[in-house]
Amino acid sequence: MSKSKEKYSQLRSFIPEMRRVKHIYFVGIGGAGMGGIAEVLVNEGYRLSGSDIAENAVTERLKSLGVQIHIGHHADQVHGTDVVVVSTAIDAENPELVAAKELRIPVVQRAEMLAELMRYRHGVAVAGTHGKTTTTSLIASIYAQADRDPTFVIGGLLNSAGTNARLGNSRYLIAEADESDASFLHLQPMVSVVTNIEADHMDTYGGDFEKLKSTFIDFLHNLPFYGVAVMCIDDPVVRELLPKVGRKIVTYGFSEDADIQALNFVQQGYSSHFTLRRDGVEDIAVMVNLPGEHNVLNALASIAVATEDEIEDEAIVLALAQFEGIGRRFQQLGTFATSKGEVMLVDDYGHHPSEVAATIKAARLGWPDKRLVMIYQPHRYSRTRDLYDDFVEVLSQVDCLILLDVYSAGEAPVPGADSRALCRSIRQRGQLDPIFVAGTEQLLSLLPDVLQDGDLLLTQGAGNIGTLSKLIAQTNLGFEVVS
């Protein structure tokens, strides 16, 4: 074990009982959140193995770190392990979970293991319906710029680090807090961020929005009395919750009553410029290397966290200006030459109507002269059903729309909540005539006829559409890379 690993194996240092844990097994190890925690643990010196249904970039990276990866779930693969980590996406009848219980091997949720990593560190937990990955990445980048050398666990690839997780040589742990299954209630951070609260993952909350809101309050009350809640006052639901939070609160937003306020927002292509206003100090000019008002809010959250920790403005401003982005968050994949001219290709993970609307707005602001062509893959039948009218309205705002089949994420189809239904409803609005395609082959043959010179082509969604964007970027359409 390297000196850094030995020095910062804090689970063993602070919890002597963790010394009896030598081999940790992850079921569903290829997920971004699961893989991130696995990477931190293997760098702390634990033996790691795990399984998933297919290889991906996460499993390939973990293999390079010495993690044993199994493709497919089989009962014998958990034999000899000391603890099994699982996400709530894994079915209770999974043979590895069944075997672990029969063998009396402890089974813990992903968030429980993250909570153990955070227990003896200065934890910063970022929660909210949208913006978690970007905000967490910005905070981690600022702390790295300030030589705080944080440990971080992020739900997307931080381009500057080449990974979504890293074991740092300090007391700081910066991580996303997942409300989708209410597992963020396991966390006990020193700083909690709430970016916004909207109806999503409502099956977890029995369709009760009030229960979702009260769960966020419970999350904030996991802070110690000396902790800090950083909250976006621009979000109406977050603003409503402020009087109910019995902890120190720092607010941020464009609103005049925000503690950390942005003024004079201007977007220039990919970058966003604004004036930062805080009580008791001079205004300063800030540029964040991300497009859109929503990303200014994410930057304000990171500034609020850093300011509370007395990080110098110089490090904050430099980190935001030099930010290299996150995989699949308005990720520019290049400009390509087609038979009809040049096309700019952007890939984005957003899959909630508000996220898609923010992406469209950023594209319009940064590239107002470009025709916006979107390939959208709905994510989950339940989300499409619950937010159907919002999707119809938002998707009608592009110039050309191509709809792929719903990425089910394991859900059974819901009648009337599929892409063909969306196509019909959008067409009935009369703003544009969407195109439904049943598969990748049909799409790839269609695109050369659809695209025009100067287009901005946006691949949008949380399913496997990211693979499709790479297919396009790898010249499968006969494109020639220009930049």
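Cβ coordinates are placed from backbone N, Cα and C, and glycine is handled just like the others.
Annotated in Swiss-Prot:
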- G128, T129, H130, G131, K132, T133, T134: ATP binding site (BINDING)
The answer, for which of the binding-site residues H130, K132 has its Cβ ringed by the most other Cβ atoms inside 10 Å, is K132
T133 (ATP binding site) -> DSSP, reduced to three states, gives helix
Most Cβ neighbours within 10 Å, among the binding-site residues T129, T133, T134, goes to T134
Cβ atoms other than its own within 10 Å of the Cβ of G128 (ATP binding site), all chains, total 24
Not counting G128, T129, H130, G131, K132, T133, T134, residues with a CB within 8 A of the CB centroid of the ATP site are V126, T135, T195, N196, N298
Cβ density check for G131 (ATP binding site), other Cβ within 10 Å (all protein chains) comes to 24
